[in-house]
Amino acid sequence: RLTESGLSMVDWHLVKEMKPPRTQQEWEAEFQKYQQFPEFKILNHDMTLAEFKFIWYMEYSHRMWGRVVGLAYILPAAYFWRRGWLSRPLKGCVLALCGLVCFQGLLGWYMVKSGLEEKPDSYDIPRVSQYRLAAHLGSALVLYSASLWTGLSLLLPRHKLPETHQLLRLRQYAHGTTALIFLTALSGAFVAGLDAGLVYNSFPKMGERWIPDDLLAFSPVLRNIFENPTTVQFDHRILGIASVTAVTALYLFSRKIPLPRRTRMAVTSLLAVACMQVGLGISTLLLYVPTPLAATHQSGSLALLSTALWLMSELRRVPK
């Protein structure tokens, strides 16, 4: 999304598209297909073949990487299943994860299709639907989180923690904080989808105000949350600030409870990654969203979510 390359491949074939164009004639044919769609006509009408190759390879790499992920799930899963190495609960988990992988690929193409549609009454920059982009990202985050949680459950032994009232509260706070981090990451899809990172490039205020004048410019009011770039950026700021506040409160509360060394390490890591992520977010905003920094900020959200899931895993109850 950051390199504006998602609409460069205008069709989808599971196997056929795995072979990229090789000859000059094949590249020109691929370029001509791209020229039939709104992004070229409105935004990239002066694009050269060399420039097209760059965005095409970015999208191609993304799609091929998705297929590698699918194979990395399905082939070992089939092997382990056949060898009888999976317990009954794990078989259900494996089936769900493999289903999510397939669903993620189909959802990706459904998202791309929204940016290829002709809109005669619109002269706006062609882009994919921010709703479908958020769904695609949300599905990826769910798939990743479920995979990581399954791995942590299998690899890390559970701590025999005393079930005190304070520990119960800490566990609840950890769950709530993780949910807030997930929601903040998901709101980033709307920021990327609407280029909302380019509307107010100042912090902590938005321009000269704490609350901008065009925060509720759209009607009905509910549309602003998902379609007004100003509101989308404002919401992402609030969610980000709320997330780092929640993580800080969680860390301070955890200091009152005796915890194992590994659990304490997870809490401290969560605070460190949260502070780093806030710094990356503010820097991305102030520097007008340079692609490397924005990509690092996106990666930081995944690192933060991963650390939160690690902490949740550390605080799991021991089954009776």
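Placement of Cβ uses the backbone N, Cα and C atoms for every residue, glycine included.
Some features that TrEMBL has for this protein:
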TRANSMEM  64-81  transmembrane segment
TRANSMEM  93-112  transmembrane segment
TRANSMEM  132-156  transmembrane segment
TRANSMEM  177-200  transmembrane segment
TRANSMEM  236-253  transmembrane segment
TRANSMEM  265-289  transmembrane segment
Ask   = Are the transmembrane segment (177-200) and the transmembrane segment (265-289) close, by which I mean at least 3 Cβ pairs under 8 Å that are 6+ residues apart in sequence?
value = yes
Inquiry  = Should anything in the same chain at least six residues away from the transmembrane segment (93-112) have a Cβ under 8 Å from its Cβ atoms, list it; otherwise answer none.
reply    = 6-7, 9, 12, 63, 66-67, 69-70, 73-74, 77, 80-81, 86, 128-129, 132-133, 135-136, 139-140, 142-143, 146-147, 150
